[in-house]
Amino acid sequence: MKSTIITSILFSVATVQAYSPAEQIDVQSHLLSDPTKVEGKTYDYVIAGGGLTGLTVASKLSENPKIKVLVIEKGFYESNDGPIIEDPNAYGEIFGTSVDQNYLTVPLINNRTGEIKSGLGLGGSTLINGDSWTRPDKVQIDSWEKVFGMEGWNWDNVFQYMQKAERSRPPTAAQIEAGHFYDPACHGTDGTVHAGPRDNGKPWSPLMRALMNTVSAFGVPVQKDFHCGHPRGVSMIPNNLHENQIRADAAREWLLPNYQRDNLQILTGQKVGKVLFNQTASGPKAVGVNFGTNKAVNFNVYAKQEVLLAAGSAISPLILEYSGIGIKSVLDKAGVKQLLELPVGLNMQDQTTTTVRSRANNAPGQGQAAYFANFTEVLGDHAAQGINLLDTKLDQWAEETVARGGFHNVTALKIQYENYRNWLLDEDVAFAELFFDTEGKINFDIWNLIPFTRGSVHILSSDPYLWQYANDPKFFMNELDLLGQAAATKLGRELSSAGEMKKYYAGETIPGDNLPQDATVEQWEDYVMMNFRPNWHAVSTCSMMSRELGGVVDATAKVYGTQGLRVIDGSIPPTQVSSHVMTVFYGMALRIAESVLEDYAKSA
């Protein structure tokens with residue numbers, strides 16, 4: 001059976017260049033690699049992690065010359081792999097190098113261990129990701145306030161910060177002709193982070209228009225712009241890069257213009273192990289961090305105002321647990337004395353990815369597009385089955401998830417599930433993304449955007465420098481997640497040779513002969529379980545929501561029950577989003593930086 005869609009058919013842009021050797025040396029000369037240079041010192045703010053959010057917030061705080069900021073980053077600045085980092089067309093070549101942390105999961109479904117790709121170095125995952133630049137659905141961000149009680153976290157507010165972060169570059173006439181549409185009202189033009197069309201100078205592939213014409217013939221909208229609050233349909237997308245096609249990573253955008261500030265120091269090659277606290281009448285107050293490379297070689301540095309955790313969704317919860325903040329049973333097992341009970345490390349929401357690839361005839365040239373497909377487009381003939389699951393299984397799923405250790409409160413988790421049900425059935429929110437790439441092939445990378453599975457990440461020992469933890473996304477422990485991934489992958493195969501695409505289709509290579517052309521969705525489920533990979537978009541391990549619903553941080557990113565401690569990275573969004581996540585994280589970082597500065601002004 002075929003899917004319904006088939007059967008119903010602060011540098012100016014001109015001057016930005018690749019890093020020069022002289023520039024490399026100058027930046028390196030301003031960075032610190034000797035931990036004794038900061039040992040025992042006091043800064044206003046100590047930031048654990050020099051990735052997207054860490055460097056963004058550090059840049060904003062240090063605009064005030066009176067504020068002293070220290071960033072501690074486990075990795076380094078650039079590397080021997082620098083040219084690969086700078087070229088967004090070399091995506092994937094950087095994996096396995098010195099800037100890829102490559103966390104491993106516990107054994108997953110079918111006893112497969114997953115690799116979690118994550119950037120290591122100043123810039124974090126912006127050094128290695130696909131630099132795709134899209135925004136989520138309005139109702140998703142609105143739910144952060146409406147459902148989870150986070151005042152001020154609504155689309156209209158967050159959209160302003162996403163625009164403030166952006167320095168957008170409109171497409172040229174040739175790019176528009178190829179299918180690169182643009183709505184200037186949905187973009188910022190005066191921000192720090194450069195974004196615009198990816199263009200390697202080759203002709204544009206006719207496959208872009210062929211895909212648009214194929215899906216639009218069956219009622220799928222061709223989107224003018226995926227940044228306006230309802231990314232459903234198909235369009236080409238901008239990327240996080242400069243006009244000369246150099247990657248606009250967070251180090252280039254936020255560090256390079258500011259590394260010479262006297263009040264901003266960056267320490268590399270050191271890992272933050274835990275937060276230091278003083279006990280007060282109002283509860284534990286963060287006063288610094290312990291950092292280093294191993295149990296015998298570590299140091300303390302102090303924060304007069306706040307400690308800000310920006311180590312990412314896999315690591316920030318571990319730092320909290322090593323510091324004594326978390327679930328008592330987890331901390332007891334690891335040998336850590338509990339300081340505060342919070343559901344740290346739970347509610348992990350990552351996505352899964354599969355690929356469909358075919359050869360292409362007479363379709364040379366470049367181009368990337370995305371098809372954000374809604375629930376019925378993805379499930380097709382199985383839509384009624386999916387609706388029935390959402391109407392009858394939420395209670396059961398919540399109970400099973402809590403029993404497996406993905407969350408701690410059945411009632412609160414059901415509220416999350418009801419929110420997702422509303423998105424999918426009532427709000428036309430995209431359920432899956434089919435990311436389309438050409439260059440002599442028809443290639444879809446496909447992921448279910450809205451997972452109901454909840455995983456976890458927890459420490460396994462009391463030594464933060466041993467790197468012992470359990471990263472357990474629990475992929476496909478929910479039947480709708482598996483059905484959705486299978487149906488979306490099946491849809492990718494069908495689209496590859498449907499409509500106008502058919503004249504360019506020259507035979508499938510993935511899955512190819514590994515799966516019959518008339519495979520059922522059940523056969524696709526078996527295939528998916530053996531051939532998926534993590535999508536590396538995990539969020540919510542330190543969820544920003546009301547404490548009653550299972551939150552770890554409040555609407556200002558402050559850790560509940562503490563003073564002087566915030567989590568400011570991708571571990572705090574309470575939901576997944578139907579987009580690539582950089583735009584959300586940048587907007588989030590700017591909003592949090594503003595909140596930190598407001599508190600600083602009050603204290604001063």
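Any Cβ shown, glycine's included, is placed from N, Cα and C.
Per Swiss-Prot, the features are as follows:
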type: ACT_SITE; residues: His537; note: active site, proton acceptor
type: BINDING; residues: Leu52, Thr53, Glu73, Ser125, Asn129, Gly130, Ser132, Val272, Gly570, Met582; note: FAD binding site
type: BINDING; residues: Lys558, Val559; note: O2 binding site
type: DISULFID; residues: Cys186-Cys228; note: disulfide bond
type: CARBOHYD; residues: Asn111; note: N-linked glycosylation site
type: CARBOHYD; residues: Asn213; note: N-linked glycosylation site
type: CARBOHYD; residues: Asn278; note: N-linked glycosylation site
type: CARBOHYD; residues: Asn409; note: N-linked glycosylation site
type: CARBOHYD; residues: Asn531; note: N-linked glycosylation site
type: SIGNAL; residues: 1-18; note: signal peptide
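Known features from Swiss-Prot, placed on the structure.
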{"residue": "Glu73", "record": "FAD binding site", "Cβ contacts under 8 Å, 6 or more apart": "Gly49, Gly50, Gly51, Gly54, Gly121, Leu122, Ile266, Leu267, Thr268, Gly269, Gln270"}
{"residue": "Asn111", "record": "N-linked glycosylation site", "Cβ contacts under 8 Å, 6 or more apart": "none"}
{"residue": "Asn129", "record": "FAD binding site", "Cβ contacts under 8 Å, 6 or more apart": "Tyr91, Gly119, Trp536, Met582"}
{"residue": "Cys186", "record": "disulfide bond", "Cβ contacts under 8 Å, 6 or more apart": "Arg135, Asp225, His227, Cys228, Gly229"}
{"residue": "Asn213", "record": "N-linked glycosylation site", "Cβ contacts under 8 Å, 6 or more apart": "Gly499, Glu500"}
{"residue": "Asn278", "record": "N-linked glycosylation site", "Cβ contacts under 8 Å, 6 or more apart": "Pro284, Lys285, Val287"}
{"residue": "Lys558", "record": "O2 binding site", "Cβ contacts under 8 Å, 6 or more apart": "Leu565, Arg566"}
{"residue": "Val559", "record": "O2 binding site", "Cβ contacts under 8 Å, 6 or more apart": "Leu320, Ile325, Leu342, Cys542, Val552, Val553, Leu565, Arg566, Val567"}
{"residue": "Gly570", "record": "FAD binding site", "Cβ contacts under 8 Å, 6 or more apart": "Thr53, Gly312, Ser313, Ala538, Val539, Val581, Phe585"}
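Distance noted between the C-alpha atoms of Asn409 (N-linked glycosylation site) and Leu52 (FAD binding site) is 31 Å. The local packing around the residue listed as 'active site, proton acceptor', expressed as other Cβ atoms within 10 Å of its Cβ over all shown chains, amounts to 21. Taking the recorded positions Leu52, Cys228 in turn, the residue surrounded by the fewest other Cβ atoms inside 10 Å of its Cβ turns out to be Cys228.
The maximum pairwise C-alpha distance among Leu52, Thr53, Glu73, Ser125, Asn129, Gly130, Ser132, Val272, Gly570, Met582, the residues recorded as binding FAD, is 29 Å. Cβ neighbours of Ser132 (FAD binding site) (same chain, under 8 Å, six or more residues apart in sequence): Ile237, Asn239, Asn240, Gln368, Ala370, Phe435, His580, Met582. A simple way to gauge crowding: the CB of Asn531 (N-linked glycosylation site) has 17 other CB atoms within 10 angstroms, across all the protein chains here. Here the Cα atom of Leu52 (FAD binding site) is found 14 Å from that of the residue listed as 'active site, proton acceptor'.
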